[in-house]
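Trainee: One structure, pasted below without further comment.
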Amino acid sequence: DFASCHTNGGICLPNRCPGHMIQIGICFRPRVKCCRSW
């Protein structure tokens, strides 16, 4: 969720993570990804 995403150093982004980031989870709905830099 949103809180655990931020705890892990990620940010919530719609649809998918950009090329320089990796997905570490989801935020609100499955379409909203939790992304983090490499």
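Any Cβ shown, glycine's included, is placed from N, Cα and C.
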Trainee: Determine, on the basis of Swiss-Prot, the cysteine among CYS17, CYS27 paired with CYS12 in a disulphide.
Mentor: CYS27
Trainee: So, in Swiss-Prot, which cysteine from CYS17, CYS34 is disulfide-paired with CYS5?
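Mentor: As annotated by Swiss-Prot, the paired cysteine is CYS34.
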Trainee: Would you mind ranking the disulfide-bonded residues CYS5, CYS17, CYS27, CYS35 by how many other Cβ atoms sit within 10 Å of each Cβ and giving me the lowest?
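Mentor: Comparing Cβ neighbours within 10 Å for the disulfide-bonded residues CYS5, CYS17, CYS27, CYS35, CYS17 has the fewest.
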Trainee: May I ask you to report the DSSP-based helix, strand or coil state of CYS17 (disulfide bond)?
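Mentor: Where CYS17 (disulfide bond) sits, the three-state DSSP reduction gives coil.
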Trainee: Ranking the disulfide-bonded residues CYS12, CYS34 by other Cβ atoms within 10 Å, which is at the bottom?
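Mentor: Lowest Cβ count within 10 Å among the disulfide-bonded residues (CYS12, CYS34) is CYS12.
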Trainee: Rounded to the nearest Å, what's the C-alpha distance separating CYS27 (disulfide bond) and CYS5 (disulfide bond)? Just drop the number here, would you?
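Mentor: So the alpha carbons of CYS27 (disulfide bond) and CYS5 (disulfide bond) sit roughly 7 Å from each other.
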Trainee: Measuring Cα to Cα, how many angstrom lie between CYS35 (disulfide bond) and CYS5 (disulfide bond)?
Mentor: 8
